[in-house]
Amino acid sequence: MTISLGFVVAEFNRDLTYQMELLGREHAEFLGATVKETILVPGVFDMPLAIKKLCQRDDIDAVVTIGSVIEGDTDHDQVVMQHAARKIMDLSLEFNKPVTLGIPGPGMTRMAAHERVDYAKRAVEAAVKLVRRL
């Protein structure tokens with residue numbers, strides 16, 4: 001059985017999320033999974049609706065989120081990440097489908113974000129493992 005993945009990718013910090021998306025696609029192929037659809041959203045906070053759309057599809061086995069939440073001058077990064085992570089988990093439980101978190105942050109500098117682009121690979125691997133094990 002080939003595992004079909006949906007990607008939800010944030011455009012904010014696109015220099016990072018583009019690299020992450022490419023790594024995620026390569027790793028999916030390495031694991032024998034297929035990225036069936038990719039939805040680009042403005043930012044991490046905007047992901048839940050796109051995740052829900054993919055979770056509703058019978059031809060998607062799991063959803064991988066890809067984004068990067070970088071620290072700013074306010075606590076905005078904390079708020080964005082906390083709410084997004086909570087909703088992402090809720091959608092996984094609501095649809096009984098793996099939704100994995102490939103979003104490093106919050107409290108992270110841009111340099112630290114560059115060092116964490118491999119989070120996309122981790123999220124793809126988690127999605128594939130969950131589909132196989134559940």
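Just so you know, the numbers here start at 1 and follow the chain as drawn.
Every residue gets a Cβ built from N, Cα and C, even glycine.
Reduced to three states, the DSSP call for S68 (5-amino-6-(D-ribitylamino)uracil binding site) is coil. What Swiss-Prot lists as 5-amino-6-(D-ribitylamino)uracil binding site is F12, V44, F45, D46, S68, V69, I70, L101, and the listing cites sequence analysis.
Proximity of D73 ((2S)-2-hydroxy-3-oxobutyl phosphate binding site) to non-local residues of its own chain (separation of 6 or more, Cβ distance below 8 Å) is seen for none. Taken from Swiss-Prot, the feature (2S)-2-hydroxy-3-oxobutyl phosphate binding site applies to D73, T74, R116.
Taking Cβ-Cβ distances under 8 Å and a sequence separation of 6 or more, H76 (active site, proton donor) has no neighbours in its chain. If you look up Swiss-Prot, you'll see H76 marked as active site, proton donor, on the strength of sequence analysis.
When other Cβ atoms within 10 Å of the Cβ of L101 (5-amino-6-(D-ribitylamino)uracil binding site) are tallied across all protein chains shown, the result is 19.
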